């Protein structure tokens, strides 16, 4: 049996955030119930496929999965257990937002085997939360966080966001410290991406190119980069290690599910728009299946693998593709090393700090 | 078609200022002489190259033969010879005119006489053609045919009172044109039994038939088997086929005799052998003298053309060779640029010719090209007495070896309404024009005469002229030799490295301004890279302008999870695609379009 990761998408939220381009929207109770029912149907439809796999991680994301009632979550997990072979020590994450969690829901999650909670905080400053269109305050978050600890969650991630309109470098540092001091096992710290179709895109344009019209709102590139570099410095003080471009963890708490995406572990996405990689095929639910050529797979191995701070393994490359990495990418690697964008450390090729800042430039070089 | 009498042949062309309706009238004539059904009519039958249709410009002279049943009961053969309507192709125009016995002058009933109208009429009169005026576009609300007729009589000095007032678009009164062709355009002359003397007015290469020569038989007769000789190039061949021009096709016939227009094939492999203007004679019984007026046309404008993808160099060479089969005035020779690699220095009759070739290479041959700024041929007089004809700025000798330089000058005529005279004079002065005089052709319109350096008009003079006169000025020019000029080579340094493909020759007085604008333009065109990039303009070792492209600080995707991978890869692909369109110069990646940016300095 091969390892498999499962992603379940819950496309509901209380209110859409201004930066959010995920498939998610407010919905009625009835809609949510209907969705859960069809999600369970869909899960069960994979009965045949499931036979070849054992599940190493589950991630229920959204949207705001914590919006679901305990009973609905139970139905979903029941369907999962009946369909898939779930490893006893698998990582099982549920995404939750402050303001939607209750002690009762948390106890239910625990009883269902959920062992990791991912909390969306984004900022410790209420004015920034308001600017993002979040429904909660920092105090709301603290309450949810402590409740989760009391419920017994020993692996908690907190999502943070830099580059928020109006954010300053000291403000960001304050958010980092306030969060780190709470002692979560994992922090994801993303730079704001202005995505098409979001209210922020309307305001600031593609890549924030219309930022000048809103002077002083979006931190400039220089500040944004400083924020990024300070993030690692500060979180290291609290015992975190950066293991991916935007992810930081205490030892042993790197998110196994997400590492799977960057290491091209097979995964099955279930629910509206969810993405799957099974064998050499990628698809999004409701969309066409794309068959990846050998070249596509090599490219993915590189540009996804380079997101990890340890980099990509040369031995891993030759094991998977049956040829030396140098035979395919020797010139690119050399060129990127000369520019101080990549470095080689033993079996691993990884981005330098400078390389991270301009990683799109580096990664695009690996497209064949 | 045996038994055609010379008296029933009419060989003519249509001359007009651009947009006055030449092609539309040609379409109507073809349609109304019944050679084609309405269904067969494409909108512009004569312009059969796709490109011509889009640009609305006739590039190569072509001909068509139609049959007209006149009101007098007789049948007439009309040979309509189309002429290119652009100053780049002036020589071709003159050869087409020489193949005719008369010309229809089309004048727009609203706009009246324009610069090209005059230039074309003078050209036609030089060839002793009878010019038959036609007033077109009488359906326009602003049409004033009577005023235009007066203008033709006053300005050009030809009788125009009974000129047909027509609308080629609607077909109104076009019948009158047909009747007047019979009445007013003289029948050809010439002795079918005299030694062969035929004028080449065009030729094209066909992969089955070889070169197809378009000619007007002035004297004698030619048929299959006739041994022929081109009197200027000396090429010899035996005629394989003769015929005439159907609409869009070649229709073979037994012979072509004095007065006729048609084509000859003779298994000739190269249009270089059949130069426009040359005289074909019978190699066995040659005529005493070639027809007058032949000259070898030389390119006026040069630029470097490079394949965007270096590996496509052989493809570019093949494509240029193929185009040259049909276009003897296109010249090219290999050159190497440090920035752009292997390519060709190409010579063109003018900027339009350049653009047409460039577009054909890109469209018909699927080539992605990088074109350097077009330049003219400068004469460099060296201190050691040597004279160089410089077509590539990079080859300019060291200033210490240069005694002086000369640049080509044109004699320009600009026709403009009086309210814009000031604006146009200003433009000409900015372009280093020397005022030669002005003549009012009527109360509100004048012809301005200037001597202008060719390098000041090849880029965007025409556009500037149009914009400063709200479209009312028209313009024509002819070459008028070389004059000494204070010229310098302006070099562009990117990240302290000279980029040879961006160098150009410019007058010393405008060098600073051009250098500054060039740097500004390049700053816009060159994307930020991993380090700061200085852009400098220099004359010799002296830096005269500088801009800086700031370093790229951030280009990173914060997030990339399972659902994003396909989308994120597309983003990377786009970035990679962008990089492909870049040229590596030293450490800097320069977008290909930056090499053309010098052309667009006046875009504001």
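Quick reminder: no glycine exception, Cβ is built from N, Cα and C everywhere.
Note that TrEMBL annotation is computational and uncurated.
Keep in mind the model is a prediction, meaning the values are calculated, not measured.
Annotated in TrEMBL:
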DOMAIN    B:7-189  domain 'Tr-type G'
BINDING   B:19, B:20, B:21, B:22, B:23, B:24, B:136, B:137, B:138, B:139  GTP binding site
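The DSSP secondary structure for residue B:23 (GTP binding site) is helix. Of the listed binding-site residues, namely B:23, B:136, the sparsest CB environment within 10 A is found at B:23.
Summarising the GTP site geometry, the residues cited as binding it (B:19, B:20, B:21, B:22, B:23, B:24, B:136, B:137, B:138, B:139) extend over a maximum Cα to Cα distance of 17 Å.
For the domain 'Tr-type G' (B:7-189), the model's pLDDT averages out at 81. Ranking the binding-site residues B:19, B:21, B:138 by other CB atoms within 10 A of the CB puts B:19 at the bottom. Mapped onto three states, the DSSP output places residue B:138 (GTP binding site) in coil.
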